Every structure is written in structure tokens, then in C-alpha cells.
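As C-alpha cells, the structure follows; a few thoughts come after it.
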Amino acid sequence: MALLVLGLVSCTFFLAVNGLYSSSDDVIELTPSNFNREVIQSDSLWLVEFYAPWCGHCQRLTPEWKKAATALKDVVKVGAVDADKHHSLGGQYGVQGFPTIKIFGSNKNRPEDYQGGRTGEAIVDAALSALRQLVKDRLGGRSGGYSSGKQGRSDSSSKKDVIELTDDSFDKNVLDSEDVWMVEFYAPWCGHCKNLEPEWAAAASEVKEQTKGKVKLAAVDATVNQVLASRYGIRGFPTIKIFQKGESPVDYDGGRTRSDIVSRALDLFSDNAPPPELLEIINEDIAKRTCEEHQLCVVAVLPHILDTGAAGRNSYLEVLLKLADKYKKKMWGWLWTEAGAQSELETALGIGGFGYPAMAAINARKMKFALLKGSFSEQGINEFLRELSFGRGSTAPVGGGAFPTIVEREPWDGRDGELPVEDDIDLSDVELDDLGKDEL
């Protein structure tokens, strides 16, 4: 099994990696400084790949993406964003895995996810299909270019997703909710509020889609709902406050553009997201997919069930789940297996010499790993992971230089282990007298 840690060539385990594209390619490199100008304000159709240099799938896509860019040159724009480097852009568009491809067509504020094949031909076909749709939209009177968002509440595509709150509805909707709320307190006559309105509306639709409704954007007319305005000390307009279950509201002091609002909302979503899954290694697909789709993959090898029983194993799993929650912002993968269940994995990582339980982390792209040498406890594992995230810790090459073979097995059923039952031997036909004579 392999764990994925951004690795280091010399002393450091984590290494800054160059992007996958260069200025000589037909793929246009996009960054936070040029994205709005190149893509959002453009009349062109854009295909944009969000990638991470360490991602194996991204590396395999690179030549096909370049091929498509060359074929579509001067017809459709093909770009790429190093989302590992430019977190804000990835977060703005809800990028959770790599590579993610989005098509920016007639409505640049609502890009579509590309779900097609990863070959140059499939990408070109999808681009031409999207281009045909863009032309149809223009024939039908829909704009294919940049929208400054000055239409106010006439922007029906996003108006519906801003939740209007009142003195009567606020507590039930916001304070009793498990969701995160961003609430704008406004005055209808306020010029700044009018400027914010279309940005807030567009952000509401995007945030609703990307967080599955877990972060909500709302608005309160503070000139009408004066109980709320007084309760939260509203003195100027617009004032935006963030409400989270069990916490005091805090002021939002970020930018007032759609992208700024969306970025903050996605940060809040990440903070409140459930911890990553802790998966048992029962086949090669789980092992490889978890490692290749995450920047870092953490694997624990727990003692045999006969050594710990269900209670002992569950106590180890609880520690791992707690740490997975603590490090969830890192977007790491978490795996576990039983001692002896994946022998090639243990051999490749040098696990077993220190006894069980054990833990390791691997940079799958460079096939290097770091081994937990401290105690397998919450404190010991936390120190190990913290050192890795700071780029410290010793590493070694994975044995064999390749992803270890993973054996398919049944998942743990959650119960105590049972010793194998020995078959009773039938001695009824044995002639004891004859045996005695033979021995003599």
C-alpha cells in the first residue's frame, strides 16, 4: 500500500514541484492574477484543468491535454491552474480532487464539470459540443461574455438562492440550524448594498451548489427588522456576519466580490466538513485510489485481532479517526490494515521490526516513505504528522521502488477473533497392542 506525502529530495519530505506545463505549450497557465481577465471577462469558450503536480492522474492527462490544446488553438481556449499552488482558485470553484476539468461557456459564473474521457480526442469532442451550445445561446440572446453583475435582483438565476430573513424567521432558520450562515444586513437605500447585491446573489447560487446547501447566504433588511439590527449591533451597511452552531457570530471582513465571498464560504465549509474516511485496505483499488487522489496517505498497521480483541482494535481506530479529523484540512487519505494481512506492503515499508501497531507515510510519486518511530498514541502520531507537514523527518525509498502488491481480503466484521477449531482425530481404529509390538 502506499501513502502519499509531498516529498523531498534532499532533507525535506515535502518538495515544491514545478507545474506540468510551460510557456512553449498551447495550454495557457492561469493564476489568481490573470484568471478573471483571461477567463471570466472573455467572450471565448474555456476548458480549464485544475491540477496538482504530484497527482499521478494529472501527469497522465498532461500529454492529452496538450494535444487537445494544440488541436483547439484559435478555436477554444485551453487552460490549466496549479490548484496545489493556487488554493484560492481551486477553493473558489469547489475543487476537491485532481484533475478537475471545468467548462466556462455562456455563463462564466456557472462553469460546468467535464465528465468525459481523458484522451485528446474526447476532450476535443466535448469542447466542440460546448462551442456549439455557446453559439446557440448567443443566437437565443444569451450573453457568452463577462457579466459585471450590475443587474441587481433581476438576475433570476441567483436571486432565488439568497434567503430573506426577518425578526420572526431568523432564530428558527439560523440559530437552530446545523449549517453555516453568512448573513448580510442591508438598507434598501444604501449604495454599497446595491453594489453588493448582485455579487451576493451570484455567490449564493455557487455556494449552495458547491457545499450542497451546508453553507447558506441570507439577507436581512435592517431598516424593517430592527429587533435583529439592535441585537447584533448593526451600525453601518452592509454588515455581514457569520453564524455557526454553538459559536458567537463573527464579522465577515473579506472582499465584496463573488469570488471573495465564495472563497470564504468554502473555507467555512472545510472547517465544518466531516473528517475523511478511515478505510480498511481490502483490495488494491482502495489502496491505490486513496493514495493517488490525496496529497498524503497515512497507513496504520494494527495488531492481529487475536492480540487485541474488538475493544482494543476499536480504541486504535478511535485515535486514528480523531487525528484524521484534526488534519482534515490537509485533505489526506487514511488507511489501515491488520498485521500480516498485507505482507508485501509491510516489507516495502520496513514495518514490523518495531512491533505492532505501526504507521508510515509515503510519497507515492517519488516512492519514498517516512516511518513512525515514536509511540503509537495520539500524542506520538500527532508529533509525527506535524513534523511531516512542516517538511521535516527522515525518509527512505519504498522497497522494490514500486507500489506494493495488495492482497484482496474480507473486511473486518467488527467482532473478536476466534482461534481456528482443530479437527478431532478418530482413534477408534488404532490397534494399541500392535503399536506396542512395533515399537519393541
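Here the Cβ of each residue, glycine as well, is placed from N, Cα and C on the backbone.
Per Swiss-Prot, active site, nucleophile is recorded for C55, C58, C190, C193. Look at Swiss-Prot and you will find 152-161 tagged as compositional bias 'Basic and acidic residues'. For C55-C58, C190-C193, the entry in Swiss-Prot reads disulfide bond, with the evidence type sequence analysis. According to Swiss-Prot, the domain 'Thioredoxin 1' annotation covers 20-133. Marked as region 'Disordered' by Swiss-Prot: 141-161. Per Swiss-Prot, motif 'Prevents secretion from ER' is recorded for 437-440. The annotation signal peptide is assigned in Swiss-Prot to 1-19 on the grounds of experimental evidence. Here Swiss-Prot flags G56, H57, G191, H192 as site 'Contributes to redox potential value', drawing on similarity to another entry. Feature annotation from Swiss-Prot assigns site 'Lowers pKa of C-terminal Cys of first active site' to R118.
Just so you know, of the recorded sites G56, G191, the Cβ with the fewest other Cβ atoms around it within 10 Å is the one at G191. A 10 Å radius around the C-alpha of H192 (site 'Contributes to redox potential value') takes in none of the recorded positions listed as C55, G56, C58, R118. Following the DSSP three-state reduction, the secondary structure of H192 (site 'Contributes to redox potential value') is helix. The two recorded residues, R118 (site 'Lowers pKa of C-terminal Cys of first active site') and G191 (site 'Contributes to redox potential value'), have Cα atoms 48 Å apart. Separating the Cα atoms of C58 (active site, nucleophile) and C193 (active site, nucleophile) is a whole-number distance of 42 Å. Here the Cβ of C190 (active site, nucleophile) has 16 other Cβ atoms within 10 Å, regardless of which shown protein chain they belong to. In the three-state DSSP assignment, the secondary structure recorded for C55 (active site, nucleophile) is coil. The two recorded residues, C190 (active site, nucleophile) and C55 (active site, nucleophile), have Cα atoms 48 Å apart. Each residue in the motif 'Prevents secretion from ER' (437-440) has a pLDDT score, and their mean in this model is 46. When the Cα atoms are compared, C55 (active site, nucleophile) and C193 (active site, nucleophile) turn out to be 42 Å apart. When the alpha carbons of H57 (site 'Contributes to redox potential value') and C193 (active site, nucleophile) are compared, the span between them is 44 angstrom.
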